[in-house]
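Colleague: Have a look at this one.
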Amino acid sequence: MSGGKYVDSEGHLYTVPIREQGNIYKPNNKAMADELSEKQVYDAHTKEIDLVNRDPKHLNDDVVKIDFEDVIAEPEGTHSFDGIWKASFTTFTVTKYWFYRLLSALFGIPMALIWGIYFAILSFLHIWAVVPCIKSFLIEIQCISRVYSIYVHTVCDPLFEAVGKIFSNVRINLQKEI
């Protein structure tokens, strides 16, 4: 920790928590505090974002990386005037650039709010509803699986073994008649 910031193994900077004293991440218990000092706790809300590389995980490499050449192409022998081609390129590129910026300015923050709420609800439901339901189901099904296992071993196994012995002596001979 230097200069009031944490640096993780990937080089990301995190600011020091606002409340140093009484912070829930820094217990007052000396043994726990010493143990915790070996592990740095990061505050995800204060990490700095990269304004140059805005897609570090390459989510949109295959989807929205559209340039003029990807959309408009003139085959050999069918070319417009060079000036028209250059003006079309400039018009396409500038329009795409500024219209994206306009849409981002108008709808970026509301969409971020909507997606933030959506993923918060999704996380909440997963943590507080889905996982407990699955755990409860697994606990309840474990009891049923024991009863089912006893049923299979006491009823089904002898029945199918007997049927198998009955049909084990059945022989079929196929002859081809000419």
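From the backbone N, Cα and C atoms, a Cβ is placed for every residue, glycine too.
Found this in Swiss-Prot, in case it helps:
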CROSSLNK  Lys5  ubiquitin cross-link
CROSSLNK  Lys26  ubiquitin cross-link
CROSSLNK  Lys30  ubiquitin cross-link
CROSSLNK  Lys39  ubiquitin cross-link
CROSSLNK  Lys47  ubiquitin cross-link
CROSSLNK  Lys57  ubiquitin cross-link
INTRAMEM  105-125  intramembrane segment
LIPID     Cys133  S-palmitoyl cysteine
LIPID     Cys143  S-palmitoyl cysteine
LIPID     Cys156  S-palmitoyl cysteine
MOD_RES   Ser2  phosphoserine
MOD_RES   Ser2  N-acetylserine
MOD_RES   Ser9  phosphoserine
MOD_RES   Ser37  phosphoserine
REGION    2-94  region 'Required for homooligomerization'
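Could you give the neighbours, burial and distances for every feature on this list?
Modeller: For Lys47 (ubiquitin cross-link), the count of additional Cβ atoms within 10 Å of its Cβ stands at 14 [all protein chains shown].
Around Lys57 (ubiquitin cross-link), a 10 Å sphere centred on its CB holds 7 further CB atoms from the protein chains shown.
Within its own chain, the intramembrane segment (105-125) is flanked in space by no residue lying at least six positions past its ends with a Cβ under 8 Å from the stretch.
Annotation for Cys133 (S-palmitoyl cysteine): no spatial neighbours, criterion Cβ-Cβ under 8 Å with sequence separation of six or more.
Neighbour list (Cys143 (S-palmitoyl cysteine), Cβ cut-off 8 Å, at least 6 residues apart, same chain): empty. In the three-state DSSP scheme, Cys143 (S-palmitoyl cysteine) falls into the helix class.
In sequence order, the list of same-chain residues 6 or more apart from Cys156 (S-palmitoyl cysteine) whose Cβ falls under 8 Å from its Cβ is empty.
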Colleague: Between Lys57 (ubiquitin cross-link) and Lys47 (ubiquitin cross-link), find the distance joining the two CA atoms and give it rounded to the nearest Å.
Modeller: 17
